[in-house]
Structure formats: C-alpha cells, structure tokens
Amino acid sequence: MSLTWSAKDHKNLNQPPATGQKRSRNDAGNKATVVLGAQWGDEGKGKVVDLLATEADLVCRCQGGNNAGHTVVVDGKEYDFHLLPSGIINTKSTSLIGNGVVIHLPGLFEEGDKNEKKGLKGWEKRLIVSDRAHLVFDFHQVVDGLQETERQAQEGKTIGTTKKGIGPAYSSKASRTGLRVCDLLADFKDFSTRFKNLVHQYQSMYQSLTVDVDDQLKKLKEYAERLRPMVRDGVYYMYEALHGPPKKILVEGANAALLDIDFGTYPFVTSSNCTVGGACTGLGIPPLNIGDVFGVSKAYTTRVGIGAFPTEQLNAVGELLQTRGHEVGVTTGRKRRCGWLDLVIVRYAHMINGFTAIALTKLDILDVLDEIKVGVAYKLNGKRIPHFPANMDVLQKVEVEYETFPGWKTDTSAARKWNDLPAKAQNYIRFIENHIGVPRGGQMSWSHAFSFVSVCFLLSRKDKELALQRCQGCDG
C-alpha cells in the first residue's frame, strides 16, 4: 500500500505513517535542479544560475563559503556574490544557505550591504539560513594564512587558498569542535565558552595567533540578532519545499568538480564536496529528489593557483585567452591560468555527476584563433590511460593527445540561433557533445533567455539542435 501525501499532510509531520506504509517512488515530490562546475571553477555558474533563477521559487547554496565568486550583471549593474546565492537578485524567489556551507558572518553582511547600495533591495527578507551551518571566524582566516606560510616554508609551495578561512572552518567541523548557527542563537554563555576553547585550541598550534576574544564575542552577539530572523531548521524547510506545493528548486554549486575534496586534484582542492553528492548532504535533499544536473564548462580551460594543468598554454595562446576572456578571479583578483579545452577532465566530471546537460560558455573568446585544439586523452609512457589520475605527480607527467580544429574566424557574439553559428563552430560543439557523452535524457525544462556577453550552449543528445543562448561576463 502506498501513502499519498497532500498539503495538509505536510503540516502534520509529527504524525508518522502507519507501520508498513511507505511513499511510492513515483510520489517523490519536487525535483531539485543542480548547477555544477565541470572544470576548476570560474566557468560561469553564477550567470547560468541567475538566469534559471528568474523562474525558480527557491535557490540554494549547498557547500563552500565566501571562497566562491560570482559576478552577475543585471540592467547594467554589476553584483558580486560570494556567500549569497546568485538567485537573491530575483525578488520573487527565496534563497537558502544550507547546512553544508560555512558562513563568515562579517563577510555575509558586508556582501549584502555592498550589493544593497547597488540596488539589491530587500535581500535579508528573501534569505533563509540553515541552523546547522557552521561558522567561519576571523581567526580561521588568520590561520588559513598562517598555514599557507607554513607550507611555503616547509615544502616550498602553497595550496593557493583564498585565505577566507574555509579549510580551517571545515577542519573544526570535522574535528567536532566547530560552532554552528544554532549554537550562536542558543545560550550565548555556552557559546562563549566553546568559542574561547576553540581559540585556545588554535593558539596552542599557532603561537603567533592573537585573538581579541571579548571584542569578537561582542560583534558575534550583534551579528546573532541580525541573523536570527533569517534562520530556520534547514532540513525541515527543505522537506517542506520538496513535498509541498509544486516548486522549482535550484541548487547552485560553488567551486567545481576538479576542486572537490574527494574527486579533485588533491591536495590542490577546496575543503568541501563540489559534486552532486554535496547537494544532498549540504541541504538534506534525498537522491530521489535530484532532477536535472547541469554541468558548466568554458569552451577552453582555466585554473587559479597552482596544481597540475595538462592543457595549460604558457604562450601567446594562453595570453590571448586570458586577455580576451578577462580571466581574473572575482574572489582573489588573481589572473587565471589558461589553456585548451580538456575533455578528459570534463568527461571525468560527467562520470561523477551524471550531467543531464552541459552549458558551454565563452565560445566567442575563440573567434579570432586560426586553429583550436581540444585535449581528448592522456598518455603515460606513450600509452593512453583510460582514467583521470588521482596522483598529482602522475598527472604532471601525462602527455595530452589533441584534436585540432580550424578556427571559424567569425564574430559569434551576436549569434542567437544554432544556424547563426558558422559551420566550423557547430562542428567544434558537436565534437564536444559526442566526446563527453551527455545522456540523451538531458533537456533544460525551464524556458529562459540568457542576457550575457559570451555565447553559451546547452548540449544534450536528445536535441539534434543545441539550444543556443547568450551569456554575459561568465565569471563564476
């Protein structure tokens, strides 16, 4: 016997179903659409999310912190987001920061206030924060810098973190000494004691670390009262959203697959799961409620910081991509390293995430090139390897096998339809689609119009013609 649910049933969650009854798998509730980076970040996720968010009821962040960076341009105004979901711009939708995110409260409110001055009105009323999210403290950020200095002294190299305290905060979480939003809003005396213990723990490891505990606690108490109206039980809130009236739910992934703590180019990765599993654990979404999974990839490859980058071009091509693509990080201000599109890493990201479609951004950056190369395989000791290497020393040694395409030498920035593209650009895109092997079932179901500057395609084998959209800035 299957149990059918109505809106009334959702108001009585304290009354569990009778023994032996279970919900039909066909009655899973609403599905969440997930947008994820398929490379090393900065693929244009924020813009894709912002456009999808125009029809979304709920837009969620599930992992990371203010180490993410998304720039969104609306009506000529440029908004920079680091912690706030990009969908916060949509006044008709709600934005949720999930339990998997680590939150630096000074950064959150500074970001909101800065964007409010640019025209982002009423954002605090549209933001929900999970009570289970962990907090990033100022001393976490200091420790982040100290750890990088230590690595440089001991190993002669750093990881290249944003020094936003993300790694140390997740370390506190994993060691079970971290503090959450719910702790801050409960007994402040108990919170203060635990805060002091956490500070002492880090000071015992880093002798140079100084923290004005009383000043920090005073500020945190003030932030707590400003935060309080936004806080909800994230698990219950998400459950209601999934199983209440029909809703369009959008999950905005931060960072990208190759920066995932488990699947990325470790140790040059972030400290959270940036792949599809992070949407489940970072928001409390059952796998059954994951719908479309859209991977975002540039038409070439970029990376910030150090770490293996097989298709990197340390030549005029790399410089051209960096200059034409305005490849500078939103969060760090660092120039991005640039190279040819690496389909080995995009295919690897697809293996993990099961993309239903790929959004290919910034195609027009390639318009001026005489020829364009695409990395299609890695060789080690002259032999093709069928997998993406886990070991970074091995990855540094691979030889990239390329396919070369003639450039189209045509301005594609004004293209709006598939047929507006030159045949050579169409061939380039078809090759990418076929090589990645995007499943036939993938289809973007929400109608929307891109208003961006660079060309963006949604690739899915279900459609013979790819849906061409226009994309602006594509930095995120």
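Including glycine, each Cβ sits where the backbone N, Cα and C put it.
Automatic, uncurated: that is what TrEMBL annotation is.
Per TrEMBL, the features are:
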ACT_SITE  D42  active site, proton acceptor
ACT_SITE  H70  active site, proton donor
ACT_SITE  K173  active site
BINDING   G41, D42, E43, G44, K45, G46, K47, G69, H70, T71, R336, K362, L363, D364  GTP binding site
BINDING   D42, G69  Mg(2+) binding site
BINDING   D42, E43, G44, K45, N67, A68, G69, H70, T162, R176, N255, T270, R334  IMP binding site
BINDING   V330, T331, T332, G333, R334, K335, R336  substrate binding site
REGION    1-29  region 'Disordered'
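Just so you know, of the binding-site residues G41, G44, G69, G333, the Cβ with the fewest other Cβ atoms around it within 10 Å is the one at G333. Between the binding-site residues R334, R336, the minimum number of other C-beta atoms within 10 Å of a residue's C-beta occurs at R334.
Rounded to the nearest whole angstrom, the C-alpha distance between the residue listed as 'active site, proton acceptor' and N255 (IMP binding site) is 7. In the structure as shown, the Cβ atom of T162 (IMP binding site) sits within 10 Å of 22 other Cβ atoms.
In the shown protein chains, 14 other C-beta atoms lie within 10 A of the C-beta of K335 (substrate binding site).
Proximity to G44 (IMP binding site), judged by a C-alpha distance within 10 Å, picks out H70 from the recorded positions H70, G333, R336. In terms of C-alpha distance, the listed recorded positions K173, N255, G333 place N255 closest to G41 (GTP binding site). For the binding site of GTP, formed by G41, D42, E43, G44, K45, G46, K47, G69, H70, T71, R336, K362, L363, D364 according to the record, the largest Cα to Cα distance is 22 Å, rounded to a whole number.
Residues D42, E43, G44, K45, N67, A68, G69, H70, T162, R176, N255, T270, R334 are listed as the IMP binders, and the farthest two of them sit 34 Å apart at their Cα atoms. For the binding-site residues listed here (N67, N255), the lowest count of other CB atoms within 10 A around the CB belongs to N67. Proximity to K47 (GTP binding site), defined by a C-alpha to C-alpha distance within 10 angstroms, is shown by the following recorded positions from N67, G69, H70, N255, G333: H70. Taking the Cα atom of each, T162 (IMP binding site) and the residue listed as 'active site, proton donor' are about 14 angstrom apart. In terms of local Cβ density within 10 Å, K47 ranks first among the recorded positions K47, H70, K173. Comparing the Cα of L363 (GTP binding site) with the Cα of every entry in N67, H70, R334, these being the recorded positions, the smallest distance points to H70. Within the set of recorded positions E43, K45, K173, G333, K335, the entry lying nearest in space to N67 (IMP binding site) is G333 (CA atoms).
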